[in-house]
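Asker: Features from TrEMBL:
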COMPBIAS  1-10  compositional bias 'Acidic residues'
REGION    1-24  region 'Disordered'
REGION    474-502  region 'Disordered'
TRANSMEM  59-80  transmembrane segment
TRANSMEM  92-114  transmembrane segment
TRANSMEM  161-185  transmembrane segment
TRANSMEM  237-260  transmembrane segment
TRANSMEM  272-289  transmembrane segment
TRANSMEM  334-353  transmembrane segment
TRANSMEM  359-379  transmembrane segment
TRANSMEM  391-412  transmembrane segment
TRANSMEM  418-438  transmembrane segment
Amino acid sequence: MGGEVVEESADPAPGGGPRASSSRPKLTVLPLIALIFFDVSGGPFGVEDSVGAGGGPLLSLLGFLFFPLLWSVPEALVTAELAAGFPSNGGYVLWISSAFGPFWGFQEGLWKWASGNLDNALYPVLFLDYLSPSLSPAARAAALAAITAALTFLNYRGLHIVGLSAILLAAFSLSPFLALALLALPKIQPRRWLALDLRRVNWRGYFNSMFWNLNYWDKASTLAGEVEDPTRTFPRALYGAVVLVVASYLIPLLAGTGAMDGSTTDEWTDGYFAQVGLVIGGPWLRWWIQAAAAMSNMGLFEAEMSSDSFQLLGMSEMGMLPAFFAIRSKYGTPTISILFSATGIIFLSWMSFQEILEFLNFLYALGMLLEFAAFIRLRIKKPDLHRPYKVPVGTLGAVLLCLPPTFLLILVMCLASARTFIVSGSVMLFGALLYPAIEHMKRRNWIEFISTSELSQSSFESGQTQQQVIDEASVNLLPDRSSGKTEPEDPEIDLEGVLKVE
């Protein structure tokens, strides 16, 4: 199902380097499930905080049982419909641009890229914490740089390699928890699942933990141009990933909280599953869980890096960013975009875990509010848009589907600290100023941008009929001023600059 290799003929990209359609394998269902799994979860590492912040197991278990229904399933359904309808690199940037215009598409891209880089800055740190927690500051900084460089090189070597490695890393990361669940069965006492101390509940920490462990379902949409038959593959992969993620949280939590006798709420913090493994299985299970946690952070980094870098490539192909962001290596990966994302990760790695968590959640929530609004607006504004997969509800049903997750997004944002509001507001202001600055650079022809005619011509020469992969591809959502001349409006470009290839 996901193991076949799909190859296509080579063709140069407008920005330099080969296109995604070169003779390299594309992502199929199984690698895409693994990448979505790591975009969202990576395993139960980090969910221990939900027990501590929730004042006991009950709120944690209820959260991972009901939050997926209120949040994960709606987001996955919206992503499945829009990714199938707009199967091009750039993902949600393209959706927002089609619904609200290129300005808001650019803001979406900036918010989600910043959120993704904040998220990815956590993983080299966590990887190092599991393997060598007692390094000196200088040695730690050098190790972080080396780990980031090594993982970035793996991403550079090809998306299909990242997809296959994600399958292996997912299997290894989840395997010790199958052993934990089996060993815990004779010791489980269901009454322990009902423990709750409302006086110890930290609502901000609880909701941030829930939100962080269940978001980023839309991340893989930025890879849609690298997926084989994305209109069919994306919905299947999202369904499979939802089941895998929920099971990877609930099964270890049920086993650990039900079998541990005498553990206090305060003990359930990040990394506590290693102690659970020691008590239930012995030192060998603790070491296995610690090794799995370290490998999981590798998978999380690779999946996030892929999504972030291909998002920048997609934005460049739309004309939103300079053409050099679309340059591909001989492996088909966006070289400059990968290096740009890696640099951001290194600069952000000094921040604390809780600061990063709040900042990325807030920026991600902003982007998701736009995505839900775009989902509804496109249902109204473009009812005839080709949707290979369509959520089986009408306009009213689409609104009702988005209400619960919208409420959760606003709740998470309201619980943010003053510092988070200031930092997020600064990012929003920067984006609002950067967009006209980029337009000015295009108008002055200071930097090369991919033009509409260049991209559409190369697409037709490659023999790719865009109707097979995308009904409305945003190939240049900013006005084409790279030539410095005003040209007649192309009759196939609608008012928002979205090229409709018939």
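The count begins at 1 with the first shown residue.
Cβ atoms here come from the backbone N, Cα and C positions, even for glycine.
Curation does not apply to TrEMBL; its annotations are automatic.
Help me picture these features in the structure, burial and contacts included.
Answerer: Note on the transmembrane segment (59-80): residues 40, 47, 50-51, 193, 196, 201, 206, 210-211, 213-215, 217-218, 221, 234-235, 238-239, 241-242, 245-246, 249-250, 253-254, 257, 368, 371-372, 375, 389, 391, 401-402, 404-405, 408 of its chain, located 6 or more positions outside it, place their CB under 8 angstroms from a CB of the stretch.
Proximity of distant same-chain residues to the transmembrane segment (161-185), defined by a Cβ-Cβ separation under 8 Å and at least 6 residues beyond the stretch ends, is recorded for 2, 27, 30-32, 34-35, 37-38, 42-45, 154-155, 244, 248, 251-252, 254-256, 258-259, 273, 276-277, 280-281, 285, 288-289, 291-293, 295-296, 298-299, 302-303, 306.
When Cβ-Cβ distances below 8 Å are used as the criterion, the transmembrane segment (237-260) is approached by residues 29, 32-33, 36-37, 40-41, 43-44, 47, 51, 57, 60-61, 64-65, 68, 72-73, 76, 79-80, 170, 174, 177, 180-181, 184-185, 187-190, 192-193, 195, 213-214, 217, 220, 273, 276, 279-280 of the same chain, each at least six residues removed from its ends.
Taking Cβ pairs closer than 8 Å, the transmembrane segment (359-379) reaches residues 75, 78, 81-82, 92, 95-96, 98-100, 104, 107-108, 111-112, 114-116, 118-119, 208, 211-212, 215-216, 218, 351, 385, 395, 398-399, 402, 405-406, 409-410, 412-413, 416, 420-421, 423-424, 427-428 in its own chain, all 6 or more past its ends.
Within its own chain, the transmembrane segment (418-438) has Cβ neighbours under 8 Å at 103, 106-107, 110-111, 114, 320-321, 355, 358-359, 362-363, 366, 478, counting only residues six or more beyond its boundaries.
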Asker: Same chain only, please: residues at least 6 beyond the ends of the transmembrane segment (272-289) with a C-beta under 8 Å from a C-beta of the stretch. Say none if there are none.
Answerer: 44-45, 48, 175-177, 179-180, 183-184, 187, 252, 255-256, 259-260
